[in-house]
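For SER145, ASP223, HIS256, the entry in Swiss-Prot reads active site, charge relay system, with the evidence type similarity to another entry.
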Amino acid sequence: MEMLEEHRCFEGWQQRWRHDSSTLNCPMTFSIFLPPPRDHTPPPVLYWLSGLTCNDENFTTKAGAQRVAAELGIVLVMPDTSPRGEKVANDDGYDLGQGAGFYLNATQPPWATHYRMYDYLRDELPALVQSQFNVSDRCAISGHSMGGHGALIMALKNPGKYTSVSAFAPIVNPCSVPWGIKAFSRYLGEDKNAWLEWDSCALMYASNAQDAIPTLIDQGDNDQFLADQLQPAVLAEAARQKAWPMTLRIQPGYDHSYYFIASFIEDHLRFHAQYLLK
């Protein structure tokens, strides 16, 4: 591992690291915020997954999460949104390829060689964080848009791994919206049954009651993608039918930007702290 940057921040440290990923077959970067140590108890971790076109730095520089994370004693880990490099398959569109990994394991050429973000987030990155930093094994997950989709599927596919999950403007039903249909058809092929294991709504309908974890979703009602791409009401209906403990908050006037995230990230951190710090 190689440290690329380090900055003092709210008595903690904001760092950026590069490592060689055996899962993704390329070098990867991630950012991490280490809060000031409190006692001898290792702090819990909140993983943040960003959206289309982003990398590990968008949340770090725009969300303003460090102050509250420092106060609460929560480590923040921000991975990249896809594998990257000259040898990694790409596309001219902003919503496919590098910067648009959709947090799944691709099965189709040319994507399958590198695009295994699900395995990277489930296994390799948490193991790396555990081995290199003083953290506990208690973790939660959150994200925005494509990253909200990622956070939800990570939680739904791994019962018991996360204490809680939250999302800002997530893509909840990718099987049925243009972003998801484009990505899934390329990454996973035309068999739509294979798509269902990466769709939060399908996963929630298939979930067991004992696996439900506290879930918070914020959605701005002035989001230009709300009607065509996001459709959080579809997941809310699944949660209702499954009695899943989910709160969906529609925030008047807010759009899809990091101004929206910055406005409510404190709520999300305090939401996760209730369960991470038990």
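Just so it is clear, glycine is given a Cβ too, placed from its N, Cα and C backbone atoms.
Looking only at other Cβ atoms within 10 Å, the busiest spot among the active-site residues SER145, ASP223, HIS256 turns out to be SER145. Cα spacing between ASP223 (active site, charge relay system) and SER145 (active site, charge relay system): 11 Å, rounded to the nearest whole number. Cα separation, SER145 (active site, charge relay system) to HIS256 (active site, charge relay system), rounded: 8 Å.
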